[in-house]
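Here the structure is laid out as structure tokens; the discussion comes afterwards.
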Amino acid sequence: MSERYSHIIQALGQSTFDKIQTCKILVVGAGGIGCELLKNLVLTGFKNIDIIDLDTIDISNLNRQFLFRKQHIGMSKAKIAKESVMKYNEQVNITAHHGDVKSSEFGSEFFKQFDLVMNALDNISARRHVNRLCLSVDVPMIESGTAGYLGQVSVIRKGKTECFECQPIAVPKQFAVCTIRTNPSAPIHCIVWAKMLFGKLFGPKDDDGGGDSSSLTDLDNNIIHGTEELGNIKRDEQLLIEKEKGFKRWVFHKIFHTDIETLIHMPDLWKDKQPPTSLKLDEILSSKEVSQAEEEGDQLIFKLPDQKQWTFKENVEVFLDCLEKLKQQFDQSNSKPMTWDKDDELALSFVCSASNIRSKIFGIPMKSRFDVKSMAGNIIPAIATTNAVIGGLIVMEAIKVVDGRFDQCLSTYLYQLPSGKRLLMPTQLEPQNPKCFVCNRSFIICRLNTEKTTISQFIDHVLKKSLAVNEPILTVGNDIIYEGGDQDLSKEEIEQRSKIEKKTLATHRLTNDTSLVVEDYNQDFQITITIQHTTDFDEDTKKLKKQQQKEKDQKEGKTTTIEKEEDDKFFEIIGKTSQTTTTTTTTTTTTESDNNSNNNKNNNNNNDVEEDDGFMFIEDQPSSTTTSSATPSISKKRKEIDTNESEDLDSSKKLKSNLQD
């Protein structure tokens, strides 16, 4: 044993190594970061390790989760990770748990036994849960994550640093479908549109991506959705000519010329902005265009092929080629509907090229294939080397914690490109946020209509979705009015609870200025909520506010945009760390999540991100973007990295991330 770890003892000293050997570690998550972390822990000398992971191994994991092989597909990640990592040292004591970390068996009593918890998770819900449990039993935790080429490691300790929930959690932003179809203003709008086009051309008749996709001939309709009343639009005779020349020319002319001309003839859309420009295919194909390599020169040295942005002409050529090949596949399968898949190279190239062409039409910056993949699937591509770097940084911080050198612990951020001469940026740990409702157990206020909001709505949207309470127990005074969880309830009690859920808050004495105590025993969590009755979120009130906003915008010459989440909002929380907004590829009629299929099959509660990378938040001003590198700032507001709004990183500014395994 001493010979195996002689280099570790020489570097750290015998005393520190003895602490490493005797401490007990919990690793939550055995995916991309988890595999690297487990290997590093064993090679460093950690002997007593527990692993928790609910997921099973999918073929898509094998390119980066190196502890798994093809023969392991369908098996427990935690158990196979244990078997594989023990080949490095058979004398380590590893216990694998194939289960959900949020289940009652992994409560506060379970967490008490560990000296340190390491998160290698891929979703916010589980992160919040582990954060609360570690705070409740005063066990230090190391939080980590990656997002493509970006990564972060940070140490959390009760009473000494900010917790995971001290900073705002990004919430998805939704786009109105009319914005996507008629008035795009950002790359994500064009990417969602391109996915909708794929569904319309090749998807099932009721494809979520494209709405009405009853047949390919639907594209021959010369009036786009929402403009049927514009009778002054002339029929495009060239469309018929292009149709005679072939399918791909017809589609191109229809969506990039005919439909754009229709939009141009809607002057109200373009009062305060430049109208789109319709395209003519022959003019584009005959043009000469400077390549990106000639424009950027040495800057391309740091870019991989998928990161290089195609020229406009290249996008057109790729679009036509993909369209032809997809049509052939569609015909050869007897018109069997296709589903867009981020890992299908042809389908991805189609969406990338189509979205970039549309971006060019509307004067929006085009994106690389790498960025489009990240945004189109609302995922962050997994990069094995990033996971490896973060896995190493976790162990470096773990050694400090175990050795009692907590004052030396740091948050370290991994950048995509050198900042100065550094890819790694260490910073001091942030102190507690005094307004955090988790680690400071503060009170919060919830404003809603108590006469219309049901107990079920309050639990699902306010407690579970917004406050991440899994199994709430609601108490008013000395009376328990609701108890979550099914473990100890009889069938009759469950039926009775179902009846309670359908009743409004007011019928249970939850009226204006009522003090409600919410507990979750599994999280060892408690919070007091002051209920305030308001009609601000009633439909009539919201309609009035919209009308007033519209009139105000018209006077100021602005375009009124009402986001769907504002339409659906029925409550407001005051006193909780405010939320930032991130964009997801969703519309008022569709949800474009396209989660990793393995994540869906195995119920690991991923939040629309590819399994290894997860959520990465930056300390920056709130932004409505999607995922990639972004310019960090010293301000303490976290946002989800937008792979679509890629910007340069500045060494004087600080990244903050929470990602996934």
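Every residue gets a Cβ built from N, Cα and C, even glycine.
According to DSSP, GLY29 (ATP binding site) sits in a coil region rather than a helix or strand. Among the features that Swiss-Prot reports, ATP binding site is placed at 29-34, ASP53, 61-64, LYS77, 122-127, with the record citing similarity to another entry.
Taken from Swiss-Prot, the feature Zn(2+) binding site covers CYS163, CYS166, CYS436, CYS439. DSSP gives CYS163 (Zn(2+) binding site) a coil state; it is part of no helix or strand.
Among the features that Swiss-Prot reports, active site, glycyl thioester intermediate is placed at CYS178.
Per Swiss-Prot, the feature region 'Disordered' maps to 545-661.
The compositional bias 'Basic and acidic residues' annotation in Swiss-Prot covers 548-563.
Residues or ranges marked as compositional bias 'Low complexity' in Swiss-Prot: 577-607 (among others).
Per Swiss-Prot, compositional bias 'Low complexity' is recorded for 623-634 (among others).
Here the C-alpha separation of ASP53 (ATP binding site) and CYS163 (Zn(2+) binding site) works out to 22 Å.
Taking CA atoms as the reference points, ASN63 (ATP binding site) and CYS166 (Zn(2+) binding site) are 35 Å apart. Figure note: comparing Cβ neighbours within 10 Å for the binding-site residues GLY29, GLY32, the maximum is reached by GLY29.
Taking the mean position of the Cβ atoms of CYS163, CYS166, CYS436, CYS439 as the Zn(2+) site, the remaining same-chain residues with a Cβ inside 8 Å of that point are LEU135, GLU162, PHE164, GLU165, GLN432, ASN433, VAL438, ASN440. The most crowded of the binding-site residues listed here (CYS163, CYS436, CYS439) is CYS163, judged by how many other CB atoms sit within 10 Å of its own CB. Set side by side, the binding-site residues ASP53, ASP122 differ in how many other CB atoms lie within 10 angstroms of their CB, and the most is found at ASP122.
Note on proximity: of the binding-site residues GLY32, ASP122, SER125, the one nearest CYS439 (Zn(2+) binding site) is SER125, by Cα distance.
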